[in-house]
Structure formats: structure tokens, C-alpha cells
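Here the structure comes first, spelled out in C-alpha cells, and everything after it is commentary.
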Amino acid sequence: MLRERTVRLQYGSRVEAVYVLGTYLWTDVYSAAPAGAQTFSLKHSEHVWVEVVRDGEAEEVATNGKQRWLLSPSTTLRVTMSQASTEASSDKVTVNYYDEEGSIPIDQAGLFLTAIEISLDVDADRDGVVEKNNPKKASWTWGPEGQGAILLVNCDRETPWLPKEDCRDEKVYSKEDLKDMSQMILRTKGPDRLPAGYEIVLYISMSDSDKVGVFYVENPFFGQRYIHILGRRKLYHVVKYTGGSAELLFFVEGLCFPDEGFSGLVSIHVSLLEYMAQDIPLTPIFTDTVIFRIAPWIMTPNILPPVSVFVCCMKDNYLFLKEVKNLVEKTNCELKVCFQYLNRGDRWIQDEIEFGYIEAPHKGFPVVLDSPRDGNLKDFPVKELLGPDFGYVTREPLFESVTSLDSFGNLEVSPPVTVNGKTYPLGRILIGSSFPLSGGRRMTKVVRDFLKAQQVQAPVELYSDWLTVGHVDEFMSFVPIPGTKKFLLLMASTSACYKLFREKQKDGHGEAIMFKGLGGMSSKRITINKILSNESLVQENLYFQRCLDWNRDILKKELGLTEQDIIDLPALFKMDEDHRARAFFPNMVNMIVLDKDLGIPKPFGPQVEEECCLEMHVRGLLEPLGLECTFIDDISAYHKFLGEVHCGTNVRRKPFTFKWWHMVP
């Protein structure tokens, strides 16, 4: 901010200047002196404070003008004022010049001042209230003691008949829309009018013009008008000076999220401009600046309480839908069914969208991230989710091809973790990628850049390209430990499956049949003995376990986990024609987590004493922790199409109680 400026005096004339409270005026009395002048004296008004500065030493000046000072090239005056003027040019500083012997001034110079107060204010201390002239308002710092205002992307839709998000136009249709915006106040105080030629201007830079918008509310006789004054094509706005003590209220909206090449910081400035002469540009004599950070999009991990469970209604999933409904009824959340007219035959609701939220001190709301997958569910997030206090954002590649890894079964987030002393209070984003140097499939760069730019959930890339579908939710999930703030990582494990089957074979259950009661599948009599004797299947799953262990090591390193934090769930895979893995039986780790209630794919494992040994094993691992296991039959409606329970459902969860601005990325 411009807090000091120079005013040039001229002997024998009167110079008028507008002074802004909180700044300094400097003037060179030596250069303004008439020929022959040797000393000078000063007089000033009651509310003006003047210092004579010589060789870096300052001396306060009394108001009566009796004291004399020698003129020298190093002598300057520093002028400040204590309060706003009541009339234009009513405060003054008079410099009297004297020759070597005279007691009567040979000439004088006058500085006539109009003091005004200008302050552009925001909620820099993040308490939900716009305070006055916070000294930290022009900077932004992270942490619990941090300072700096916060802005929401206005990505919801308050008016149902509009086709797009509120931030996509330059209009405000209701007061509800203003509540999504951050308030900014321009406070002024001074005489009824300013000297001729002065202007107060709000402005933004060209680089910020597509990232922030500002509205002003007028109150004409016939109701309020919401006027768009800054953003997009509008870079500046002249503010009418009203005189006296005034507060002009503005509403600021974010237009886009942090992303590659955009840190999330935007600046808004107010300047006082001075008129010199016709055809001469106005000169800024004072500038005040505020900085906002646009709130990041934040994902919610499994440990947070569920709000809504989403599932698609298909021609072939009636029983699955019924079982999911029964599971949801055990919790405090609601079931939302996406019917066929909207899903158009697309059952993979997990792959189409990811729920998250944005938050500022004054407000927060959920925001859905729409994947570039764009299956037949592509209209669902805009038609059914986007609305009042429910935002929407998407990222689509311009030139890259979209692969299965761009579906959001390949996008998860861990619970809060601490890694080598570094805390991630909102967890870390987890995405699947290709094996290093393999040149395989990878999530498109535009989505990866977006996730990284949010800063608060630093992404970790895992290796998922070894799977046919290639999603991280095929080999991992997080579950809470009820009654604590702790969690466990569940990982698919082929070695755990072979170990369990060998134990059952040793106990005399080698002829136990898998897929019992499933018609054609059970007629093949797939037994424990056949699985253990299938050498090619054994070798394939040794390779798949190496892929799982690669991810296990990454997760332990990047999330600060130990073996005690991980539970292995039995899984088997078979290799497809591209040498990638698909589940041999329903993959139990691909579950839905609703607090302590887990909806787990029913594995149809070997029947030992008329019970599925896989279900018994998993219950024995999880239920002693306080978790409740419900096994859901998804084999015909999802498993045979290479997905499971998690792939066919989606959960919106409550936001973190932790405020993202309190962390240090």
C-alpha cells in the first residue's frame, strides 16, 4: 500500500492537497525557498502534526510559529493529521521564509489540506465480521493465528430456472445469492465534498478479472438493485464520494477454484486519484488493498458421518437396492435413488461424481466434482444436485483421452494423518496411476492439477493400472474405529485368501464349494481344493499381491501408517487378456462405510458348516472393533460388470469440524 507521498511547495503560492489518514506527507522546504532565504518557521492547524526532519532526526513542531530552523538541503517536513476534515482545505501548514537578519518573512508557502479517511475492509481475522482497517488485510497467512479474508466460489444455483451456476453470469436474482459472497466495506469519512478533480476508484488486475466478481447493492425508491461492478470485462469502478461518515457495502464472489497457474489469491484495490489538468492522466495518491483466498474444494473421508446415500435404480438391481435401503435405515442418513429416466442405464454413480464441500467463516456448502467420464449419468449432477447451497465443479481435458482411471472410483481420500511430524488434518487425496515407467493409464492431467492446487489434501499417486478397471477402491478402504478418532486401512490381499483357504483345507474342508446357490456358477463346483491346485491362478495372484504390496508400501510411507494400522481382507483376482486383474469373487474391500455399519459385497465363499468362511473371517476381523458387517448380494447386478457395492453407491458426508485455514500446507 502507498502510505507515504511527496507534496511540492512553491513560495508565494498556495498548494492544495488531500491527505488520507494513516499516511505521511513529505515536503522539501529547501527546494521551495525563495532566493536569499536562510531560515524558516512553521505554523499549522490544531489537527495537523508536523515534524522537521534533518539528517534523519525528527523534531516535533509547535503550532505558534515562533521557532526557527536553518534551511539546508537535508531538511524536510513530515506531515500527518489526527482526524478527518469537516470542510475542504480547512487545515493548513504555513512556511515562513526569512533572510539572514530579518525578523519579517520575505515570503511564505502554504499547504492547504483536506483530510479524509479511506479504508477498504474485509473479514481479515476470519471471525465472520468485517472489521475496520485490519493491518493484515493486504496479506494472507495459513494457520490458527493466520490472517486474510476468504472467498467462496459461487458455484451453486439459487434460482432453479437458470441452467448454470451463479458464478457463470453477472447477475444477482435474490438476497440468498448474496449470502454465498464475502462482504467488503469501503469506509470513508471527510467533508461534504472533496476539492475538484479527485476520484475514488475500485479496481482489479486483468489477471484476476476472470477469478473474482464484485456487486454493489443500490436502494432506489422501488426496491433493491444488484449492480455488477467488477469482474470479467470490468476492471474498475468509480465510487461516488458521499461526504461525512459513510460505509459502502460490496459483495464479492469467487469465479473459479485454485488450479494450475492460479494459487487462489486475488486482490482488490481502492485508489484515490488526483486531477492535474485536462488531457493529463489522473494520478494515484493513495491505494488500499485487500487480499482474498478462494476456498479450496475439500473431499470427505469414510470416517465422517454420512448425510445421504445415492444409488441407481436399474432393471436388474431390485434386490441390491432393497438391501442397501435396509442398511441405510440402520443409520441416521437418507437414501436417494437415481431412477432410470435419469441414469439412462448407467449404474456406476461412484464413478461419475465425488462429493466435497467448500467453507468460509461466514458460510459453507457441499460441492460435487463431476468426473470427465461423462457416462449416461452425466446429466445427474447438474439436474439433481446443483441447486441452492449445493455447488458444482468439473474439469474436462481438452486434448487428453479419457480412460477408466478418470472415473472417481479412482479418487479417494484418507482420514487425517501425521507423517514424519507433518500433519494433514484433512487427510490426503489418493488417486490410482500407472506403474512408474510403464507408460500405462493415468488420471488426466487437468484433474490431477485441480486436486493438487487445492493444497489442503496433498495428493498421493498409487498404482492401480494393474487392475482391469484400474480404481483404487478395488484394493483399499478406510473404516473408523467406533468411539475413537482412529481408523484402520483395509486392503485386499490375495495372500490372506490363500492362507485362509489352506487352513480350511487342512481342517478337512477342501471340498467346500464356492458360489453355492448361484446356478451356473455353483454347478462348476469351484472348491477350495480346485483353487489351491490351479497353479496358473496361484502364480497370477502372487503377481497381484506384489502389486498390492507396492501400494501398501506407498500408503505406509505417505500416510505414516504401520502394519498395526492395516487389516488384510481376503481377495482373489484372475488375469484378463490384457494381463490385468479382475475380481474372482465379489471384492469385499469395495464396501460402503456408514459410521460403524459396513455394506460389504457378499463374497459367496466356500461353505464351511453351512456358513461362508470368507464372511466368518471378515466378521472376526472387524466386529470385535465395534463395526457391524452387512453382506450385500451384488454379484449379478454389479460384480459381473466388474464392480461392487462401493462402485454402485455414493455417499455425501458431513464436512470436517476442522477449519481448513487453520492448517499449514
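The backbone N, Cα and C atoms fix where each Cβ goes, glycine too.
Lifted from Swiss-Prot, the feature list:
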- Cys647: active site, nucleophile (ACT_SITE)
- Asp123, Asp125, Asp127, Val129, Glu131: Ca(2+) 1 binding site (BINDING)
- Asn154, Asp156, Glu158, Asp166, Asp177, Asp180: Ca(2+) 2 binding site (BINDING)
- Asp156, Glu158, Asp180, Asp389: Ca(2+) 3 binding site (BINDING)
- Asp166, Asp169, Lys171: Ca(2+) 4 binding site (BINDING)
- Glu354, Phe408, Leu411, Glu412: Ca(2+) 5 binding site (BINDING)
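The separation of Asp389 (Ca(2+) 3 binding site) from Asp166 (Ca(2+) 2 binding site), Cα to Cα, is 11 Å. The binding-site residues considered are Asp127, Glu158; of these, Asp127 has the fewest other C-beta atoms within 10 angstroms of its C-beta. Here the CA atom of Lys171 (Ca(2+) 4 binding site) lies 34 Å from the CA atom of Leu411 (Ca(2+) 5 binding site). With all protein chains in the displayed structure included, the most crowded Cβ environment within 10 Å among the binding-site residues Asp125, Asp156, Asp180, Glu354 is that of Asp180.
Looking only at the binding-site residues Asp166, Asp169, Asp177, Asp389, the densest Cβ neighbourhood within 10 Å occurs at Asp166. Shown in sequence order, Asp121, Asp123, Ala124, Asp125 are the residues of the chain, 6+ apart in sequence, with a C-beta less than 8 angstroms from the C-beta of Glu131 (Ca(2+) 1 binding site). Using a 10 Å Cα-Cα cut-off from Asp177 (Ca(2+) 2 binding site), the binding-site residues that qualify among Val129, Glu354, Asp389 are Asp389. For the pair Glu354 (Ca(2+) 5 binding site) and the residue listed as 'active site, nucleophile', the Cα-Cα distance reads 12 Å. Excluding Asp156, Glu158, Asp180, Asp389, which define the Ca(2+) 3 site, the same chain contributes Asn154, Arg157, Asp166, Glu176, Asp177, Lys179, Phe365, Gly387, Pro388, Phe390, Gly391 within 8 Å (Cβ to the Cβ centroid), listed in sequence order. Other than the site residues Asp166, Asp169, Lys171, same-chain residues with C-beta atoms no more than 8 angstroms from the centre of those residues' C-beta atoms, the Ca(2+) 4 site, are Leu162, Cys167, Arg168, Glu170, Val172, Tyr173, Asp177. Cα to Cα, Asn154 (Ca(2+) 2 binding site) and Asp389 (Ca(2+) 3 binding site) are separated by 9 Å. When the Cα atoms are compared, Phe408 (Ca(2+) 5 binding site) and Cys647 (active site, nucleophile) turn out to be 9 Å apart.
The Cβ of Asn154 (Ca(2+) 2 binding site) has 23 other Cβ atoms within 10 Å, all protein chains considered.
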